[in-house]
């Protein structure tokens, strides 16, 4: 199979939405029957985002094969059917590590290792490898043109443009066309300078996607075309919209997919965007609204919980309601008490690390349990629910996780030291293991118990969800907790580890050790999120009753 490559760069400012634009174009091409994948090349030195602060970088998105990747891969999976893997995201740090490892082995036969050709060749190999088996591979280059960090990536894609030729490569550049209120017009000069910068390193863009808060007038499009040496039909206006799921239709309306397929000589059907039209209709026509309190420690940056936010919205579409997310810093609960939780239709405690704010999360779980308020715990959210139950129902005073208190008399949650991964390999960890890349990661089978809310949500007795954690329920306490009324509704592949818990006499109190938000999409949703939002709707109606 001959793979075509679309390279996506950004200029003027960061955060223009390269990932959304790339994913939206991929969605249109997929709707035309093409097999599409998307890659993200990140210019930072970290090997992966796994140990980066969520408040700096946003969430870490986990792929099926256990790669800890950039949150843009979450956008990719929400827009197209193709599942991402570790080949879809790599960093400068990963490239340098591999090149240096080869140098130590002697693979370069004593050569002087340089950015060109050794680093650029390694980048090109990764790009070509990631595109194998697909009709089209869209490659997003992180950062902004002009950044020193991005230069090796830009040089690599420049070389690929020459080596593969124009019939297999296309360069798409996102840029900002700001509107100046004082002048009463949009300004194209930043775009002209950005393209000049890009051309100075040998890349001539074929398509310009011009971002702004309004559509660009046709006369300004003509001006951009003239000064940037790009066909006028290839100057695409991408204005701000109230829903990112409207962007595929916006791009299609301007003929971007036709331009791409003709450039590549691809014969394919017209794009059918009816699924996206349905998503947009559901989003615009809710029959009600529920308020979900998200209790976490990274609440100052919503992107830290990007996939959870999106999964709640998707569940809202399924239940025909809009979901209002109220971010609650768990430390505020510790300081002010549970009155900050009043007026909610449900509580969600997402994953997290570290002791800060953990008691506030435990208080949130207790509030939900005692007030019959729908509760959904994810990863740490399951562990705090179990700790709360152990303390206040099972009579295990001062029960805790050894992550937060190594001297707790009742370590109901502890460091997992050994487990069997999805390939049947035995994985082992200990207290001194590195933080990066040492967690239980990736998609794993979960056995569900018949008659539970978990089995009801998944409409079966198994599910496959993705993990990212080091700590697990301590099996020593399972029998005592079960006797107190806790149901272990999901177990690992070998049935040795607790994957899900729930309360049978509660309207909806369900928690999982895995991260179901990573598999939610706007077209299909995710069973547990759909069940949680449905329970919030029912709680609200009963409350109003």
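In case you wondered, yes, glycine gets a Cβ from its N, Cα and C as well.
Within 70, 72, 303, the residue that Swiss-Prot lists together with 15, 16, 17, 18, 19, 20, 239, 240, 241 for binding ATP is 72.
Among the candidates 440, 466, 470, 478, the one that Swiss-Prot lists alongside 352, 380, 381, 382, 383, 403 as binding L-glutamine is 470.
Comparing C-alpha positions, residue 192 (UTP binding site) sits nearest to 14 among the recorded positions 14, 19, 140, 515.
Considering only the binding-site residues 14, 19, 240, 403, 470, the residue whose Cα is spatially closest to the Cα of residue 379 (active site, nucleophile) is 470. DSSP assigns residue 17 (ATP binding site) to coil, not to a helix or a strand. When the binding-site residues 17, 19, 190, 352, 381 are compared by the number of other CB atoms within 10 angstroms of each CB, 190 has the fewest. Recorded residues residue 191 (CTP binding site) and residue 382 (L-glutamine binding site) have their alpha carbons 48 Å apart, per Cα-Cα distance.
Across the region 'Amidoligase domain' (1-266), the model assigns an average pLDDT of 95.
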